[in-house]
Amino acid sequence: MTTLIAANDSSPIEDAENIKNACKGLGTDEAALISILAHRNVTERKLVRMAYEEIYHEDLIQQLKSELSGSFQRGMCNWTMDPAERDAAFIKETLKKETVDYKVIIEIACARTSEEFLAVKRSYQLLYKHCLEEDVASKTIGDIRRLLVAVVSTYRYEGEEFDESLAHLEANILQQAIEKKAFSDDEIIRILSTRSKKQLFATFSTFRNTYGTTITKGLSSDPSDEYMVTLRTTIRCIKNPKRYLAKVLCYALNDLVAEEHALSRVMITRAEKDLNEISDLYFKRNGVTLHNSVAEKTSGNYKTFLLALLGKN
């Protein structure tokens with residue numbers, strides 16, 4: 001469920017004018033920007049951005065970049081972007097780094113619907129004049145390349161149907177591969193990258209019921225093994241994306257120096273979807289509310305913005 005508290009009767013033209021007024025003069029009225037943009041849904045933000053460009057012949061994102069700074073600037077700009085454009089930018093950003101953060105790619109590929117991820121790939125091509133699969137392949141090697149290219153190339157069936165007999169068959173295939181420690185086996189990658197999420201839920205459940213353990217328990221937990229970390233992340237994100245994202249938030253809030261981008265990425269991308277449920281899982285995991293953690297670990301306009309996305313301001 002969404003945590004966003006949107007305005008009842010907003011006008012894109014009035015919003016655009018008020019944003020321009022907040023940016024006039026020597027200082028920027030950050031509180032005004034938050035009161036407008038952090039309380040508009042995705043459709044309303046798109047209309048505001050269009051109105052701003054039509055009236056002032058400027059891109060609202062570029063205006064925000066010139067007025068704001070730091071984590072607050074990044075958060076507000078990402079929030080104002082089209083969701084598919086934003087996800088494409090997240091992936092491009094990590095692919096440009098010397099050390100690629102595979103978790104970002106997996107999160108976007110596996111926690112989005114097939115249609116949403118198809119829109120991301122279209123935006124990626126439009127923005128960067130490359131296909132996503134091409135760039136992922138060029139920035140990875142070996143088994144990680146095989147897994148990630150397969151995951152970003154898929155268009156999963158989104159229906160509710162699943163095949164129980166197939167779940168038993170493929171749970172057995174996975175168990176045999178794990179028993180042989182053949183973690184990069186083609187069959188593991190095929191199953192994870194082609195089956196619908198409902199089918200994979202059934203397979204993971206059958207695996208647990210048949211073998212008395214979860215599929216990830218049989219996988220090496222060596223943090224230095226990048227492929228195994230990538231494989232476990234893929235399974236966890238497919239199996240229970242809300243629980244996975246609650247864990248991402250936990251790690252981010254415990255190490256904001258290294259993981260601050262993860263904090264804003266998850267909150268921004270889930271605020272209009274299921275951030276309320278993710279917040280509940282965060283509380284069950286940590287014994288403290290996400291609101292209190294964000295309030296304690298962040299500061300200034302950035303904190304005000306994030307708390308607004310949580311529905312607290």
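Every residue, even glycine, has its Cβ placed from backbone N, Cα and C.
Automatic prediction, not curation, is the source of TrEMBL annotations.
As recorded in TrEMBL:
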type	residues	note
BINDING	Gly25, Gly27, Glu67	Ca(2+) 1 binding site
BINDING	Ala295, Thr298	Ca(2+) 3 binding site
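Sequence features annotated in TrEMBL and their locations in the structure.
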{"residue": "Gly25", "record": "Ca(2+) 1 binding site", "Cβ contacts under 8 Å, 6 or more apart": "none"}
{"residue": "Gly27", "record": "Ca(2+) 1 binding site", "Cβ contacts under 8 Å, 6 or more apart": "none"}
{"residue": "Glu67", "record": "Ca(2+) 1 binding site", "Cβ contacts under 8 Å, 6 or more apart": "Cys23, Thr28, Leu33, Gln73"}
{"residue": "Ala295", "record": "Ca(2+) 3 binding site", "Cβ contacts under 8 Å, 6 or more apart": "Lys303, Leu307"}
{"residue": "Thr298", "record": "Ca(2+) 3 binding site", "Cβ contacts under 8 Å, 6 or more apart": "Ser71, Leu256, Leu263, Leu306"}
Non-site residues, in chain order, whose CB comes within 8 A of the mean position of the CB atoms of Gly25, Gly27, Glu67 at Ca(2+) 1:
Ala22, Cys23, Lys24, Leu26, Thr28, Asp29
